[in-house]
Amino acid sequence: MEFTKYPESVTAPVGDEVTFECAVRVPGERLTWRYRPDNDRWTDWNNVDGNSDKDSVSTRLVVQIKENTSSALYQCIVWYGAISLVSIPARLSIAKVDLSKNTQEKRVITAPLYNTVVLHCKEPLSEPPARLSWWKETKGSRKSIETPYGVLVINNATTEDSGTYGCMATNDISDQTVELPERTYLKVQHEGHGGYRFLESKEYVGIVDQEDVLTVPVAPDGSLRLWCGLVGTPPPRIEWSKGNDIISGNSKSLIVEPFTAEHEGIYSCSANGIRRSWKVIALQPPHWEGSAISTNVSEGSSARINCGIPHGQPVPTVQWFLNAELIITGKGVKATDSELVIERAEKRHAGIVQCFACNALGCAYDAALLTVVPVQISDQDYSMQTPKTMYIPSQQPKRHNRKNSRKHKAVLIPPSRPNVTRLSDESVMVSWSHDNHGLPIQFYKVQYREVTNSSNFQWHTENNEISPYINSFEIDGLTPDKYYKFRIAAVYSNQDNKLGRSSSKFYLQRGGFQSPKAPVLEKAVALSPHSIQINWTWSAQGQGVQAEGFYVYYRAVSSAGAYEKVSARGAARSLTLQHLAPDTAYELKLQAYAAQAASDFSAILMAKTQRLAGAAGGTGTGAAGSTEAAPTDEPRGPPALVTAGGAVGATALVLLLAVTLLLCRRARRPAPKEKSSPEGGANGYLPAKVPITITANPMHGEGGDGGVEMSFLHNNNCGNTTSSDDTLPHPRKNGPARQYV
């Protein structure tokens, strides 16, 4: 998810029309616009309507520049379900000259004869910067003077150059030309050997910072022009230097073009021990050194997003956003210019985290996806969702205590909201978790539906019955460039079922994604007859895609069927596979995955589970694959004891035959007649007093075609293919499904 086109900053005059454009690579659910005044308050955003294309890939915003239109920042936002990504802001500047900071100052400057006189105007506020020109008042009229850089330079000044001077400021975009209120009265006269001095004060030849340092900023690809302004009798021989090094220059100016960051430093002009210095800096738009990495955290644990180090000149201001909203630091949330720390992550913190670094030249951002895995919540916490339970009361008196209450209460804990990752253009991997509390789960079912068209409400159910210890399932046969939603249904030991929450919208985009590096499966060791532990390594060194987790594939060597799949989080480097068959060889392999791509498979390893205790060919739980019986060191008994034991056994056999004969004779006697039970059946079977409705599929709705009325039927657990809405119909449905953003 990224922008392919940002709105670009622009300067426009009153009466003009400005169009901002924005486009994204992955189509969003919707595209919106917002703006705020050009100030330092990042919270003063206001929504504004734009025009978005039907494909939800691009959008435009048209702004009419009126007399009361002020400079502002504009952003576009793309929404993917509950999460959103915001673009770099574009600045709309109104082209005009502002004289609010200029005063009717009158300055008198006296210069010695035959010197180079250099004079500056106080630049007014203007967007873009105004072009300055000079004029001289001669016999009641004004005469324009050629001043290509806005600086008045009079070489070899004489008394004829004395007079009144002023400046004009022109905005080339708005075609506005204004006269500055300042006036300069220049008097050129003969002076004795009175030493050397600067004609103008610091504020006219640069920007004086808080430390009284004269500073000159130079825009990217701009030019540096410095004028010395030293005068004296005789005219001084001026020397230019950078730091302690003498550099070339003439008596009046120093020009460096193009000016880059390598040219930054302290520049000075001096003569006869008098010196003036400028701190020259190269302006740079912001950029980030490093990149943000998406992360998965459990609800309640700490979350950290690091964007790297921001660079720029002036030093950029850093702001953090979550789903396009400014993050306010405070209790539990801390932020620096490089890192955001959420001490206890909550579900509301899930989404796209963006770090913006901005200065006067623009903004740069990086983004990471923060996934918060929610803690499983018991149905007991929601009275409206308490399941309806049915059980046959026992004939013994009930003892109403907590132990019995827990025994009869059927708590259905749903599976978690699924995590969806792309495997190919037509397949995804769906993963989920369960805290293994409540009623035992017999199997899972995976459902999905296409949601590109909001009118499509048909859920498709995969026919596979997924074992309760499996937490990942691959779904293929999907259509690329479509939106999908997924959810997991659990079928419990009491034949009831419950749905987990639906996933957010997932856009299955066609290829072109960079995948993580493949993991290295190092070893696989049998821990018991039913478990194998695997260990692997993985590193992102040399490849920029961070793995969010790993998929573990395994199957018996003797089987040609599909692999079973389980998932592990990104920090995991080992996993124990459970519920395996004893004395069976398995082949294992891994994949690393990110949100939109999975890595190549690791090399396949083979491992064999241990034998069961007492199994033929082995004793106890020996090493995996062992085929020899463990030797014994106990000595055998002497032959006399063996003979005595045989005699005792023969005597016992005779007694057993006698007892058997006696019992057979008694069995031939006729049994007394007893009253038959009206409720009895053959072989002691008691038919039900009322018919019991059981469905062939526990996920089928009550009263549907799948229901049959009989006293007993083996459940075949066949999966239906569709259901009509977001909650699976069932007589024991536990209220509406909870939805989280």
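Glycine is no exception: its Cβ is also placed from the backbone N, Cα and C atoms.
As written in TrEMBL, here are the features:
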- 713-726: compositional bias 'Polar residues' (COMPBIAS)
- 1-78: domain 'Ig-like' (DOMAIN)
- 89-179: domain 'Ig-like' (DOMAIN)
- 211-281: domain 'Ig-like' (DOMAIN)
- 286-371: domain 'Ig-like' (DOMAIN)
- 414-511: domain 'Fibronectin type-III' (DOMAIN)
- 518-612: domain 'Fibronectin type-III' (DOMAIN)
- 616-642: region 'Disordered' (REGION)
- 696-741: region 'Disordered' (REGION)
- 640-664: transmembrane segment (TRANSMEM)
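Within the domain 'Ig-like' (1-78), the DSSP-based counts of helix, strand and coil residues read 0 helix, 41 strand, 37 coil. Here the listed stretches are 1-78, 89-179, 414-511, 518-612, and the one with the most C-beta pairs under 8 angstroms to the domain 'Ig-like' (286-371) is 518-612. In the predicted model, the domain 'Fibronectin type-III' (414-511) shows an average pLDDT of 87. Counting residues per DSSP class in helix, strand and coil order gives 3 helix, 52 strand, 31 coil for the domain 'Ig-like' (286-371).
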